[in-house]
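Copied from TrEMBL, the annotated features are:
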{"type": "DOMAIN", "residues": "51-163", "note": "domain 'Nose resistant-to-fluoxetine protein N-terminal'"}
{"type": "TRANSMEM", "residues": "195-217", "note": "transmembrane segment"}
{"type": "TRANSMEM", "residues": "300-320", "note": "transmembrane segment"}
{"type": "TRANSMEM", "residues": "389-410", "note": "transmembrane segment"}
{"type": "TRANSMEM", "residues": "454-475", "note": "transmembrane segment"}
{"type": "TRANSMEM", "residues": "482-502", "note": "transmembrane segment"}
{"type": "TRANSMEM", "residues": "522-545", "note": "transmembrane segment"}
{"type": "TRANSMEM", "residues": "557-577", "note": "transmembrane segment"}
{"type": "TRANSMEM", "residues": "597-616", "note": "transmembrane segment"}
{"type": "TRANSMEM", "residues": "637-659", "note": "transmembrane segment"}
{"type": "TRANSMEM", "residues": "665-686", "note": "transmembrane segment"}
Amino acid sequence: MVCILIGDCMVVIANAPIITSVGYAFETFTPYAMIRFFEFSDKEWNITENCFSDMYEYVEGLRHAEYWAIKLYDASSYYGGSVFAGSTVRLHNPHLCRFLSQQYKKYKNKLDDYAYVISFDVQIVSAHYLMEIAFDNYYKYEKIQQLICFPKSCRNWDFKEILEVFPFHSNGYVRNNSYLRHRIVQDNYRIFEDFNFYVMIIIICGSILIHLTVYLVKKHLTLMSAYRQKGAIPKVFGSLKAPTLASYKTNDSPLYENTDHVGENLPKIVITSKAYYFENLLETISIPSVVYNLVQNGPLPVSGIMVIFTIAHLCVHLVAEITFTANNMEFGVIGNKVEQLDQILKRSAFLMDLYFLINGTCLAYGFLKNFPKDELSVFDQLTYIWKSILHKLFGLTPSYIFILYAAQLLDKHFYYNNTLEIPSRDFKNCPQKLLGNLFYIDTFFPLIERCMPWTWFISLEIQFFIMGCLIMLLVKVHVCYAIVIGFSIFIIAWLAATMWLLEPYEEYGYSTTLHYELMSFNLVLDNVCLFVMPYLLGLCLGYFIFKSNHNLNIKSYFLIAGWFLFLIMIIFSFFGYDLMEERLSQLVKAFLNTTAHILWCALIIWIILTCMTNFGDFLNNVLNFKYTHTLEQLKSICVLLAPLIIRFILFSADTPVYWSIGQVILLSIGCVLLTYICSLFLYILLQGPVVAALESLIVNGSSN
């Protein structure tokens with residue numbers, strides 16, 4: 001059927017002498033279609049006279065193989081029939097069309113007749129079609145995008161008239177072909193003309209100015225302290241010596257006046273000067289202190305696992321976006337693109353389990369470790385929780401704001417200057433939903449209204465953090481009640497996640513296609529209840545680590561039995577479910593799916609517990625390399641920034657992206673390195689000082 005279709009097209013346009021490649025089963029609007037409908041149909045074209053004249057001249061140029069017409073034809077990147085084993089978009093180079101326009105403007109007033117100069121000015125048009133394409137045993141709607149270089153004399157209504165004409169009728173492979181929309185791509189958007197660009201500049205310059213001010217004030221206080229010791233200046237503001245980062249002790253400060261000479265039976269009274277708090281705050285937010293705090297802490301097994309999550313999440317995001325734009329796919333390995341993206345989303349759900357498990361562990365361990373040992377009233381307990389929540393909420397805010405504005409700029413650049421329209425609405429949604437992201441409530445909005453949809457798991461983790469703080473407070477007060485409530489939430493979440501998977505799939509259509517594109521492109525997983533379970537398991541793990549004090553002694557035979565069970569669970573989680581999937585009912589499959597996530601969390605818990613045993617030295621050394629804690633602290637910025645870096649690399653290319661193992665590996669390495677370098681810069685400049693100041697004023701200040 002495909003051959004007959006192509007042969008029919010060849011017969012229609014046999015008079016055109018420049019046909020070089022018509023070996024495509026699916027073409028949308030092309031100059032061949034122009035010839036067909038301009039000459040072989042009785043359609044009454046309701047287009048302007050200038051547009052009709054230029055289009056007809058274009059067709060005549062193609063018929064006579066004129067050089068300028070061939071160049072104009074090559075300036076359009078027509079969709080090339082990679083629907084079955086490829087992508088629904090083709091990454092194209094719009095520069096040729098823009099070059100032809102510049103060439104026309106340069107030579108239009110010259111008397112010489114240049115055969116390579118087009119006869120009219122041109123512009124770039126991005127056309128969108130919707131077609132129902134046959135897959136193995138069903139039809140699925142696909143949106144098709146393509147670049148077209150058309151005369152500039154044509155207006156929006158003219159394009160609508162022309163592009164609505166589809167060259168192929170419905171057949172056994174394609175049916176319900178319809179024109180969706182088009183837009184004229186403007187290339188007059190400049191980032192430095194956008195107000196958001198200057199907001200980013202203000203954030204960076206303001207941060208640098210603050211760091212410079214801190215450095216100068218510290219330098220001044222150090223000099224004043226030196227002069228005061230020499231007796232040159234009797235009265236100065238502040239007398240604290242500049243402490244070294246490695247040997248700083250609070251009780252060594254001369255601003256502490258010890259009154260133990262009054263009497264041995266009287267309690268010691270320590271008077272802290274306000275100048276000390278000011279100097280301590282300056283010391284805390286300075287760049288040397290931020291860098292020192294970033295690298296000083298010893299790594300933990302959970303830190304190594306979180307680094308693995310960050311790198312794996314970045315790579316999965318890269319694969320998802322390459323899948324969207326790749327001109328070829330591994331057709332022999334995977335049946336079609338839908339199945340491949342479904343597999344990516346399915347596996348990334350297990351990756352998200354790891355993220356919530358480790359964050360729950362860190363919350364429980366940090367909460368119990370930093371909780372005041374004195375008896376606290378109910379108000380003091382709630383105050384401690386409130387301060388912990390504030391520290392969690394605003395620690396990431398400066399970097400988050402910077403990345404929000406960067407996402408708007410990058411999305412505007414792609415929308416106005418590139419013909420390829422990625423499934424992103426950040427330049428429309430971010431100005432309206434900015435506060436929703438900053439207060440981590442963007443998950444309550446519909447997907448098509450969200451700004452930076454890939455940040456869903458960060459917002460969800462903040463919401464779980466608030467719930468986890470209340471549960472851990474209940475653990476400190478009434479352990480039994482906490483166990484009952486936590487177990488009840490776990491069972492309810494298990495059942496809710498199972499019922500969520502039983503929802504019937506919507507019939508394919510344009511709205512569901514758009515929703516699916518947004519989810520797969522941004523790696524959004526909407527089964528929220530599925531991630532409550534790993535977070536609760538993380539709370540239990542953190543409580544156990546705190547109580548055992550990082551030391552767990554077990555027998556060798558118990559360790560061997562545990563690893564044997566570990567291997568069995570891995571085989572069941574990754575292979576057993578797929579083998580039994582066709583033989584089970586929908587309810588049983590949904591139940592096994594949620595159970596597999598619990599088993600996966602149990603595997604990670606066993607790895608962490610093994611690192612704490614007397615037999616876990618090797619595994620502990622593997623997970624705890626030298627700068628694990630440093631890389632772990634950059635995870636929040638990395639997962640926010642990585643999609644922007646990936647999109648900038650992929651969609652700024654002038655050549656198509658092809659799916660290959662080597663290219664994916666090289667892109668992954670480059671994206672990982674660039675993401676961590678940029679994240680380190682943002683952490684030192686923005687996030688690190690804010691986190692240190694919050695710890696000094698809120699967390700540590702609560703004990704004084």
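Residue numbers in this text run from 1 along the chain shown.
Glycine is treated like the rest: Cβ placed from N, Cα and C.
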(request) Count the Cβ pairs between the transmembrane segment (389-410) and the transmembrane segment (482-502) that lie under 8 angstroms and are 6 or more residues apart in sequence, then report whether there are at least 3. (result) no
(message) Below 8 Å between Cβ atoms, which of the listed ranges 300-320, 522-545, 637-659, 665-686 makes the most pairs with the transmembrane segment (195-217)?
(response) 665-686
(request) Please give the average pLDDT for the domain 'Nose resistant-to-fluoxetine protein N-terminal' (51-163) in this predicted model. (result) 76
(request) Mind checking which residues of the chain, 6+ beyond the ends of the transmembrane segment (454-475), have their Cβ under 8 Å from one of its Cβ atoms? (result) 317, 352, 355-356, 359-360, 363-364, 367-368, 381, 385, 388-389, 392-393, 396, 437, 440-443, 481-482, 485-486, 522-525, 528, 531-532, 535, 539, 543, 636, 639-640, 643
